[in-house]
Structures are given as C-alpha cells and as structure tokens.
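Peer 1: Quick one: the structure is below, and I'll ask about it shortly.
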C-alpha cells in the first residue's frame, strides 16, 4: 500500500489526470452500493401501451428488481405478517433484519438518482444525512422506548464494524487479490476522517474520565450529562463544517474516482433511470418501511436475545451493524478486490465518521428534547475498544 500525497493538477475546477476521471457527484457510498446493482431488462415493460402503467412498471423494475438483493425483499411482508399474526418474536426480529438489508442499499440508489436532478452538492448532502439512515432510525426508536443501552451499543458497533471488519477485510482482500501490484490511495481524505474520529473519541472520553475521577457517581451524573450535551453540539457543528469542506471547498478530494478503460477517453455520462418525483416518493416510502422494521427490531430484541442465547449487547454491537449495512460493506470489499482503495476507504472511514460525528450526537440531542438522559459515557471497556480501534486505524493509514 502507498498513499498519494502529491497535489493533483486542477483544470477548470476539476481534477486532472491521465488515467482517472471523476464521476460527477458520486461519492464512495454510491459507488460501493452500485457494485450490487444489476441492469434491468425493460423489453417487456416498453410494450405496455398505457403510459401511466408503463411508468409504474418501469419504476418497480428499476427499484425492486434492480439489485442483486431482490431475493431478500420477501422478508419484509413476512416480517409484517409475523408481527400481525403473533408468530414467534425471534422470527419477527430475524425477518426484520433481513428486510433491512436491501432497503439500506435501495436508499443509497434513490439518493443517487435524486442527485442527478439536484446536482452533486445537494446529492452529497442527501448522502451525508441518509447514508446511515438505518442506524439512525433504529436508534431513535430505541430512544423512544428508553432503551439507552441498545442505542449506545448499536452505534458503537457501527463504528467498530466499519473500522475493523470492513476496512480490515478490504485491505486484506485487496492485498491478496493484487499481490503483484502496489495499492495506492489518497491519504489526505484518510487524514481528514482520522482527525474527526479522534475528535469524536475525545468527546467520548471526557464524560468517562469525569465520571471515573469522582468519588461518587451520583455527584457526577448531572455534570456528565451536561458535558455530553455540550460536546454533542460541538460535534454537530464540526460535522457541518466537515460537510462544507467535503461538498463545497474541497469537493475534489472526496468525489469517487474510477479508472477509465481506455486512456484518453472520457467516461460516458450516466443518466437517471427514474424521475425526480418518483425518486422522492420511493425514498419516503422506503424510509417509512425502514421505520416500521426498525420498530419491530427494537421491540423484539430482548425476545431474540433470550431465544438465541445471545446477550442484547452482542446482538446490538455485532448483528445490527453488519446486517444493516451488509450491501455497502460488501461493495467496499468488492472495490478493494478491483484495486480501488479510495472507494473502500471512503465507505469505511466515511461511515464511521458519520456515525461518530453526526448520528451519536444527534441521538443525544434528540434524547435531550424527549427528556431522556443519554450521555456520551459508553463505559470503560467500550470506550477503550473504540480508542484502540481509532488509533490503530489512524496509524495503519499513515
């Protein structure tokens, strides 16, 4: 592996290179999810004479059948039926988790389709807010039911799975698949994400150290909560600054790049396959279904824990993050096999940064609004694991 630190030439505000072209407005998350998509055959649909029916069938073909994860969509109605007819609660939990897997990938697809009409800045903003929609919705429903530990463990698991499982698997598989090549990546993007992760770690450690340093837990409970809320506001402001840095001032560092197959030839421009308002309607519908399945997951997690003989913390830290973003994680590994580490790093580090700097502090603020006492103290063992993961990742990428 080698990091690229040489400044790239700029021409007309865009990056210039002999063998790489920037895919306009496409982030690493979009590129990662696209690896699991498949081209839809619209031959039969095009023969339908009724324009409205043809439009509806085209949307169904592109949105529902346009992914390799289509086989998991039946889990959604099965989960709803299991909940309505009182089947075993562990079945509801398992089917809901399976149903969330294709929905997370389809949300990424829909935000990319909308970005074709709104431009890369708004599209990037959509990706920055919807990139981890599954974890955010699950966390909000867990907050609503006062399951603070589930919120903390699931978000901690998302960060750890991105830094250790996804990034580690990508680097390992990419190295094995490209033994005779030197893998390269842009270290500047990795440095920005690593610094933000270290800032998030500092905000997590301060409440923990404050709690440990006091003689009585009761004396530090309120100050720790206040410190966590102030830290969360600072983290959100830092994330907003990061979004401006990513989408406006230094967009060229973060846009996904792809090698052109023929040197000197421009990559053909892709076109949207569904309309703008169709994309909006589908995105709202998908989000509503994710919310429904997330409610099932949160409501049945204890029953699944007892039935499967697994602790709630194990399910929250391990199963929820892996299943929720399985499509995105698989895409990161696939691009590592193709020797495109920038995309793999963008997915792993970008998701970890988004969870730690946006989703976690947002949950603290939402809990504050709901009158729920949630702080940034993730306990000693969990915070220590987070610290080791972030520091190890930062040193590895140097």
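Counting starts with 1 at the first residue shown.
Including glycine, each Cβ sits where the backbone N, Cα and C put it.
Any TrEMBL annotation is an automated prediction that lacks curation.
Given the structure is predicted, the values throughout are model-derived calculations rather than measurements.
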Peer 1: In TrEMBL, which of 211-229, 230-248 is labelled transmembrane segment?
Peer 2: 230-248
Peer 1: Name the residue range among 129-150, 349-370 that TrEMBL annotates as transmembrane segment.
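Peer 2: That would be 349-370, per the transmembrane segment entry in TrEMBL.
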Peer 1: Check each of the ranges 97-115, 192-210 against TrEMBL and return the one annotated as transmembrane segment.
Peer 2: 192-210
Peer 1: Please indicate, using numbers and ranges, the residues of the same chain that are 6 or more beyond the transmembrane segment (314-337) and have a C-beta under 8 Å from a C-beta there.
Peer 2: 29, 31-36, 67, 69, 97-98, 100-102, 104-105, 108, 132, 134-135, 138, 149-150, 153-154, 156-158, 160-162, 165-167, 169-171, 173-174, 177, 297, 301, 304-305, 308, 343-344, 347-348, 351
Peer 1: Can you tell me which parts of the same chain pack against the transmembrane segment (273-294), counting only residues 6+ beyond its ends and a CB-CB cutoff under 8 A?
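Peer 2: Answer is 40, 55, 58-59, 62-63, 66, 76, 79-80, 96, 99-100, 103-104, 106-107, 110-111, 113-114, 117-118, 130, 133-134, 137-138, 141.
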Peer 1: What else in the chain is close to the transmembrane segment (349-370), if you only count residues 6 or more beyond its ends and a Cβ gap under 8 Å?
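Peer 2: Distant contacts of the transmembrane segment (349-370): 27-29, 128-129, 131-132, 135-136, 139-140, 143-144, 148, 151, 155, 158-159, 162-163, 166-167, 189-190, 193-194, 196-197, 199-201, 203, 228-229, 231-233, 235-236, 238-239, 242, 325, 328, 376, 393.
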